[in-house]
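Below is one structure; the comments refer to it alone.
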Amino acid sequence: MIASEETPLISSAEDPVVQSETDDIFQRFTPGKKRAILALVSWSGLLPFFVTGSFVPTIPQIAEEFNSSGSVINLSVSFALLMLALGNLIWARYSSFYGRRPILVYSLPLLCFSALGVAIARSVPELILWRMLQAFAASAGMSVGAAVIGDIYRLEQRGTAMGVFFASCCLGPALAPFCGGLAAYYASWRAMQYALFISAGLAFLFMYAFLPETAHPGTTGLQHHLRDQGCCDLNWKWVWLNPLSSLRYIRSPNILAVTLACAFTLITDYVLLIPLSYTIGAHYHIKNEAIIGAFFLPAGLGNIVGSPLAGYMSDKIIVKWRVKRNGEWLPEDRLRAAIPGLLVLAPLSIIVSGLITENIPGLPGIILNLFCLFINGVGIDTVFSPCSAYFVDLLHSRSAEVMAASMGVRAAVLAVASACVLPLINMIGVATTNTIFACFAWIGFGCVLTY
């Protein structure tokens, strides 16, 4: 960030958002309609977090039912993350070509079908395969949802709207583990999957009925393709697209740096939450899945607090530095809002949690760990919200693809990290493992500081 305070990383000629901010394109929808669209895409963005979050506290019960181990069942989390990465790339690429609405609407029936498949799985391989399909279907909500916000909100409003979007999505990390644990304890881990089936079905009905197309007129790839092919009399045509083409944006040093910063910060969250049944649960002798799920609530509440706060602050920072430069706008100014989370909140919270878990027994240790989970949740979203708004600012017309490329790389990093967490904890202990992964967050801070 320091190196680029006075020089834009991309020119205004290359940046579609610079050209379109003065147009009336953002006046297509009334404020009330915008809020309704924001609510719909927030619902869609919430579902992936329920798909992943509701599963984690049920891992011990699933392992017992299938006569397996937590480490083996945890592989379904890693494979699901890989499919989230691939799904983000595919859905985003097609949303840039066909528009936002068809992707958000028609990914939901696939989510219904796969949730039902997970619910009736009878073996570990079957469970993993259905979980992969479920993650693939759910992945459309985040990348395409963020792009929708870029379509309907101006630059000075976008950070706040993005903060609301992520805060709504982060009800998932707050509520999903608790709901999953509650369902597992009082019924079965399968009950939560039936609930996801119903929720995705309702989301489909509302999306189909009320979500308009938000992509700016004349900007979708399909419109350009039909015009180039002389098929102006057609409204639709199937075209095979390369989903990996979105990864070309990662070649940009600033996008790669911010992507790695997000990935390394999110690792701290996964290190705390994924093995929670085997760390805090084991050290404090907690075996009730509902109580284990309730331990996720402070982290989710931290997400809810951190996301709108960081979005609001990033908008204020944009305005402040724009005035300082006599009207010149640099998208990198948003990244200043991410520094507290990268430098202090995310890494220190997991180091302190590891030390507390190993050294402070009983109720005091539990209370202090809950506080660390809350602080980590705040830290995660003070990084995510401004960084996501930065991607949308940087390449507005391709924002879904940029978001997907970033999420794809991030999910791949997390898949590897989540597979390593439990073996490392078993080998070297909670505190040492947490300290190692906290160092990654500081590396992420160095990546952002560069720009």
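In case you wondered, yes, glycine gets a Cβ from its N, Cα and C as well.
Under the heading domain 'Major facilitator superfamily (MFS) profile', TrEMBL lists 37-451.
Sequence annotations record features per position, and here TrEMBL assigns transmembrane segment to 36-59 (among others).
According to TrEMBL, the feature transmembrane segment maps to 71-91 (among others).
Taken from TrEMBL, the feature transmembrane segment applies to 103-122 (among others). For the transmembrane segment (103-122), the list of distant contacts is 40-41, 44, 47, 51, 91, 94-95, 130-131, 133-134, 136-138, 140-141, 144-145, 148, 190, 193-194, 196-197, 200-201, 203-204, 207-208, 211: same-chain residues at least six beyond its ends, Cβ to Cβ under 8 Å.
Per TrEMBL, the feature transmembrane segment maps to 128-149 (among others).
Within its own chain, the transmembrane segment (161-186) has Cβ neighbours under 8 Å at 38-39, 41-43, 45-50, 52-58, 61, 141-142, 145-146, 149, 153, 192, 195, 273, 288-297, 299-301, 303-304, 307-312, 314, 377, 381, 384-385, 388-389, 392, counting only residues six or more beyond its boundaries. Marked as transmembrane segment by TrEMBL: 161-186 (among others).
A Cβ distance under 8 Å defines the sequence-distant neighbours of the transmembrane segment (192-211), meaning residues of its chain 6+ beyond its ends; these are 36-37, 40-41, 43-44, 47, 50-51, 54-55, 58, 101, 104-105, 108-109, 111-112, 115-116, 118-119, 134, 179-180, 183-184. As annotated by TrEMBL, transmembrane segment applies to 192-211 (among others).
Here TrEMBL flags 255-278 (among others) as transmembrane segment. Using a Cβ-Cβ cut-off under 8 Å and counting only residues 6 or more beyond its ends in the same chain, the transmembrane segment (255-278) has close neighbours at 56-57, 59-60, 70, 74, 77, 173, 177, 249, 292, 295-296, 299, 335, 338, 341-342, 346-347, 349-350, 353, 372-373, 376-377, 379-380, 383-384, 387, 390-391, 394, 402, 405-406, 409-410, 413-414, 417-418, 421-422, 425, 433-434, 437-438, 440-441, 443-445, 447-448, 450-451.
The transmembrane segment feature in TrEMBL is assigned to 290-314 (among others).
If you look up TrEMBL, you'll see 335-356 (among others) marked as transmembrane segment.
Tertiary proximity for the transmembrane segment (368-392) is limited to same-chain residues at least six positions away from its ends with a CB under 8 Å from its CB atoms, namely 17, 146-147, 149-150, 158-159, 162-163, 166-167, 170, 173, 255, 258, 261-262, 265-266, 268-269, 272-273, 280, 295-296, 298-311, 313-314, 331-332, 334-338, 340-342, 344-346, 348-350, 352-353, 356-357, 360, 399, 402-403, 406, 444. What TrEMBL lists as transmembrane segment is 368-392 (among others).
Per TrEMBL, the feature transmembrane segment maps to 404-425 (among others).
According to TrEMBL, the feature transmembrane segment maps to 431-450 (among others).
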>> Between the transmembrane segment (128-149) and the transmembrane segment (290-314), are there three or more CB pairs that fall under 8 A, provided the residues in each pair are separated by 6 or more in sequence?
In response: no
> Under 8 Å, at least three CB pairs between the transmembrane segment (36-59) and the transmembrane segment (128-149) (pairs 6 or more apart)?
Replying inline: yes
> Does the transmembrane segment (404-425) come near the transmembrane segment (431-450), with 3+ Cβ pairs under 8 Å (pairs 6 or more apart)?
Replying inline: yes
> Going along the chain, which residues at least six beyond the ends of the transmembrane segment (335-356) come within the CB cut-off of under 8 Å?
Replying inline: 1, 258, 261, 265, 268-269, 271-272, 306, 310, 313-314, 317, 365, 368-369, 372-373, 375-376, 378-383, 385-387, 390, 429-435, 437-439, 441-442, 444-445, 448-449, 451
> Along the domain 'Major facilitator superfamily (MFS) profile' (37-451), what average pLDDT does this model show?
Replying inline: 84
